Amino acid sequence: MASLGIEAEQEPLLEDRTAGSREWDITETEEHYKSRWISIRILYLTMFLSSVGFSIVIMSIWPYLQKIDQTADASFLGWVIASFSLGQMVASPIFGLWSNYRPRKEPLIVSIFISVAANCLYAYVHVPASHNKYYMLVARGLVGFGAGNVAVIRSYIAGATSLQERTSSMANTSACQALGFILGPVFQTCFALIGEKGVTWDTIKLQINMYTAPVLLGAFLGVLNIILILILLREHRVDDSGRQCKNVNFEEVSTDEVQVPQGNIDQVAVVATNILFFVVLFIFALFETIVTPLTMDMYAWTREQAVLYGGIILAALGVEAVIIFMGIKLLSKKIGERAILLGGFIVVWVGFFILLPWGNQFPKIQWEDLHNNSIPNTTFGEIIITLWKSPREDHSEGPTGCPIEQAWCFHTPVICLAQFLTSAVLIGIGYPSCNVMSYTLYSKILGPKPQGVYMGWLTASGSAARILGPVFISQLYTSLGPRWAFSLVCGIVALTILLLVVVYKRLIAFSVRHGRIQE
């Protein structure tokens, strides 16, 4: 079976093996093999569409919110942005529990239907005479609630793959998710050509413009996704060796199926992995948040330059992440998942350490009495506002540099552009490595038992990290500056590395722990 695992990792992204001529035929028929991998690939698509649903409107929320409700301010924008992660955090354990006791089709279809309905609501938030901002808040929260199906997707893929296939499949899942985050803003940019006015279908009061067209596309793709799930998705569960297991999710019963192995799950490893996953998403969420204000303060970039160059940097990191996901499938077979996870955290620590300010050169000071174009002192929503500012809103670029309101600007050295770019590259290597390895190990620790609830908690911890990360960095950066902010991030990562070293030997597969398979 070892040679089989090596062969699996050498196959292309969406093709793992050909049944009928290999060792796998001992435990799986060709028909079952094809059905299993068709189902897994349908869930790759579902993961892609889920991430597109988040990112396809992220650049247009602020101007649309201002257009439909003049009472909306930056504070409320923060709630709109956070509502997606809040909805996902609440829904993930619910859908995970549901998937443990019922066919996975049910929570998947219901969650996608909720997302479709939420996208339609988003397209109509301009219709009510008042309180439009609250309708938008509900719409984005429901889209996030529907995205709670990520827990179901991960638990399904974990249960439908053997140990040898697991890392490759999880890497593919992460790659599809990353592609969704990259392509979502691209779709939004294409729809910008429609303009704010667009066209109106008076009969049903539907406006199709640059703000609503992306969500209508998302709703259409959601309907197609539901159809594909109804037609092609089948319930499959295999044990760590690849043999079919009996489970409540099964629609068909085969005499070749085996009982799910019994044994206790290592709860210490489970809790530790949840903490590791939280930190992984926490540090990347705060890095994404800080890119625009940091570059504006350090390099005296205008809002437009910061959004443009920052967008290019984040897009490049997304492409880098996809490449890393591909390489991980091969590297994990040579050095193991735990070593990659540890190495990823070390690379992230080095990235943030490099980001610490050094030298004697100080940033340009923004002396004029004006609104802070960097991170303000008030709300998380205002952190995001600079991403939606356009030249049409402010015909004069205004002064640039580090605002005088931030006292640290006078005594904190500038972060060189080479420092920043080197740090971004290292974080772009470490983050995807830690991301995919943490929940790959998590799925192996849980073993062949239904993982819906556990995956729900893992997804919820990631959602909480995406909420808390931006708030954490905004407060520290504004009050104390990058030296203290990034020093504390380095401290958090160092403590995480220490935790990983302590539990390193416990992060092993369920079947290895119980002596059924040798590591």
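Note that Cβ sites are derived from N, Cα and C of the backbone, with glycine treated the same way.
Since we're looking at a predicted model, the values are computed, not measured.
According to TrEMBL, the feature domain 'Major facilitator superfamily (MFS) profile' maps to 39-508.
Annotated transmembrane segment per TrEMBL: 42-64 (among others), in sequence order.
Marked as transmembrane segment by TrEMBL: 76-96 (among others).
Look at TrEMBL and you will find 108-125 (among others) tagged as transmembrane segment.
With a threshold of 8 Å between CB atoms, the same-chain residues lying at least 6 positions outside the transmembrane segment (137-157) that come near it are 39-40, 43, 46-47, 50, 53-54, 61, 76, 79-81, 83-88, 90-96, 98-100, 104, 107-108, 111-119, 121-122, 125, 169-170, 173, 439, 443, 450-452, 454-456, 458-460, 463. Under the heading transmembrane segment, TrEMBL lists 137-157 (among others).
Using a Cβ-Cβ cut-off under 8 Å and counting only residues 6 or more beyond its ends in the same chain, the transmembrane segment (178-195) has close neighbours at 47-60, 208-210, 213-214, 217, 311, 315, 318-319, 321-322, 325, 432. According to TrEMBL, the transmembrane segment annotation covers 178-195 (among others).
Annotated transmembrane segment per TrEMBL: 215-233 (among others), in sequence order.
Residues 341, 348, 352, 424, 427, 431, 434-435, 438-439, 441-442, 445-446, 454, 457-458, 461-462, 464-466, 468-470, 472-473, 489, 492-493, 496, 499-500, 503, 506-508 of the same chain sit 6 or more residues outside the transmembrane segment (268-287) yet have a Cβ under 8 Å from a Cβ within it. Among the features that TrEMBL reports, transmembrane segment is placed at 268-287 (among others).
Below 8 angstroms of C-beta separation, residues 13, 167, 171-172, 174-175, 178-179, 181-182, 185, 288, 291-292, 295, 301, 340, 386-387, 389, 421, 424-425, 427-429, 431-433, 436-437 of the same chain, each at least six residues beyond the ends of the transmembrane segment (307-328), sit close to that stretch. Residues annotated as transmembrane segment in TrEMBL: 307-328 (among others).
Packing against the transmembrane segment (340-359) from elsewhere in the chain are residues 276, 283, 328, 331-332, 412-416, 419-420, 422-427, 429-434, 437-438, 441, 481-483, 486-487, 489-490, 493-494, 496-497, 500-501, 504, 507: each is 6 or more residues past its ends and has a CB under 8 Å from a CB in it. Residues or ranges marked as transmembrane segment by TrEMBL: 340-359 (among others).
Residues or ranges marked as transmembrane segment by TrEMBL: 420-442 (among others).
TrEMBL lists 454-478 (among others) with the feature transmembrane segment. Listed by sequence, the residues of this chain that lie at least six past the ends of the transmembrane segment (454-478) yet keep a Cβ under 8 A from its Cβ atoms are 82, 85-86, 88-90, 92-97, 144, 148, 150-152, 154-155, 158, 270, 273-275, 277-286, 288-290, 293-294, 374-377, 380, 383, 406, 439, 442-443, 446, 484-485, 488-489.
Positions annotated as transmembrane segment by TrEMBL: 484-504 (among others).
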| Stretch with greatest number of CB pairs under 8 Å, the transmembrane segment (215-233) reference, 76-96, 108-125, 420-442 candidates | 108-125
| note | Spatial neighbours of the transmembrane segment (76-96) not adjacent in sequence (6+ beyond its ends, CB under 8 Å) are 54, 61-62, 65, 107, 111, 133, 136-137, 140-152, 155, 379-385, 451-460, 463-464, 466-467
| field | Chain residues outside the transmembrane segment (420-442) and at least six past its termini with a C-beta under 8 angstroms from it | value | 154, 166-167, 170-171, 174, 178, 270, 273-274, 276-277, 280-281, 283-284, 287, 294-295, 298, 313, 316-317, 320-321, 324-325, 328, 332, 337-338, 340-341, 343-348, 350-352, 354-355, 454-455, 458, 507
| message | Return the average pLDDT for the domain 'Major facilitator superfamily (MFS) profile' (39-508) as a whole number. | response | 81
